[in-house]
Amino acid sequence: MARIGDGGDLLKCSFCGKSQKQVKKLIAGPGVYICDECIDLCNEIIEEELAETSEVRWEELPKPREIYEFLEGYVVGQEAAKKALSVAVYNHYKRVQAGENGGGQSREDAIELAKSNILLLGPTGSGKTLLAQTLARMLNVPFAIADATALTEAGYVGEDVENILLKLIQAADYDVKKAETGIIYIDEIDKVARKSENPSITRDVSGEGVQQALLKILEGTTASVPPQGGRKHPHQEFIQIDTTNVLFIVGGAFAGLEKLIESRAGAKGIGFGATIRSKRELESKDQFEDVMPEDLVKFGMIPEFIGRLPVITSVHNLDREALLQILVEPRNALVKQYQRLFELDGVELDFEREALEAIADQAILRQTGARGLRAIMEEVLMSVMYEVPSRKDVARVVITADVVHSNVNPTLIPRDARGRGPGEQKTA
């Protein structure tokens, strides 16, 4: 058996060009050589590709209770919505699993399971988008967010509905097979309600027209998607994607829908036997809890569209206590994020309870919900985030209620003469 280098020639790796003296091992093939470093690199590339193309492992599909508990770690409150989403998502991917495995039934006996697309009602900043994002993160499936207000019917200025699918394909790194089991969240769907309950004789290209265009992809169809987005034209290739197993979560604030619900419920509650509720009871109750498909049709959604969203659930306005929990309790809570940012500069950041209450009150006053908390935190911490990184004498920053209410400077606690902060112990 011939040994490498017997002829006296200095052999090199055919891939990186390094000589046998520069590497640990040089493996010979028919007319080629590869070094141990190139082998390691090839293994890393293969592992990355396998990780990227890994699909949901259906045999390990989490149960509804496990999905709910995962959501609990990121989303505060909204128990009813989390429970409904957990069940709907589990049933959807169980349906996908049954479709891939044949469900253990012959083709003649097979029962076709319908899709469980979800309609999520609730005010802005109440956690609709976060719920959808968290579900996708747990299941390790591609996730895309689309804004319904940018969509128009095909042939008019604006985005075609197929561009929603392109975002999902891009999220899956153009792995169409993987994208076909992803989740799409369409926000602001209430903004495409038709102008009146009755069908219009004029073209409503950004309202009813969008709902009509969404029907097919919601139900399940093979759509042709332009790979670069934009409008379709005959001289381009298309990506074919089957939306049968794509889960659609459709959300919107539906401002004014509560009045339609009240008027319907009020018509049934007239007379001596009617249940009378105080204003306080009505405010504390989830305003969309009693929603019916007929209310959504009166709001301006077409019946065919509502029919393709069998799971209807809602999130409610966040009160002060819920906002306080959002600030400190979730795994990626805002207070924890800012404390980590200051920690990277070697500084502790503390919030007094009254300061957190003041931040929550500001969010309620601005009617921005949880989404507005970060903006308020940025305003409160802007001056100290500008000042502290340049100062080596600051050990701790304390945020009080006056900092939030009156825009006074935060309390800066200096280090001692040896450079220790007040909470640091002397080491032997």
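Each residue, glycine too, has its Cβ placed from N, Cα and C.
Residues or ranges marked as Zn(2+) binding site by Swiss-Prot: CYS13, CYS16, CYS35, CYS38. Here Swiss-Prot flags PRO123, THR124, GLY125, SER126, GLY127, LYS128, THR129, LEU130 as ATP binding site, drawing on sequence analysis. If you look up Swiss-Prot, you'll see 1-54 marked as domain 'ClpX-type ZB'.
The Zn(2+) site is set by CYS13, CYS16, CYS35, CYS38; from the centre of their CB atoms, other residues of the chain with a CB within 8 Å are SER14, PHE15, GLY17, LYS18, VAL23, LEU26, TYR33, ILE34, ASP36, GLU37, ILE39. Of the listed binding-site residues, namely CYS13, CYS16, CYS35, CYS38, LEU130, the sparsest Cβ surroundings within 10 Å are found at CYS16. Most other Cβ atoms within 10 A: among the binding-site residues THR124, SER126, THR129, that distinction falls to SER126.
Non-local neighbourhood of GLY125 (ATP binding site): LEU318, ALA363, THR368, GLY369, ALA370, ARG371, GLY372, each in the same chain, at least six residues away, with C-beta under 8 Å from its C-beta. For the pair SER126 (ATP binding site) and CYS38 (Zn(2+) binding site), the C-alpha distance works out to 51 angstrom.
For the binding-site residues given as PRO123, GLY127, the lowest number of other CB atoms within 10 Å of the residue's CB is seen at PRO123. Note: the ATP site is recorded as PRO123, THR124, GLY125, SER126, GLY127, LYS128, THR129, LEU130; in the same chain, GLY122, GLY251, VAL315, GLY369, ALA370, ARG371 also have Cβ atoms within 8 Å of that site's Cβ centroid.
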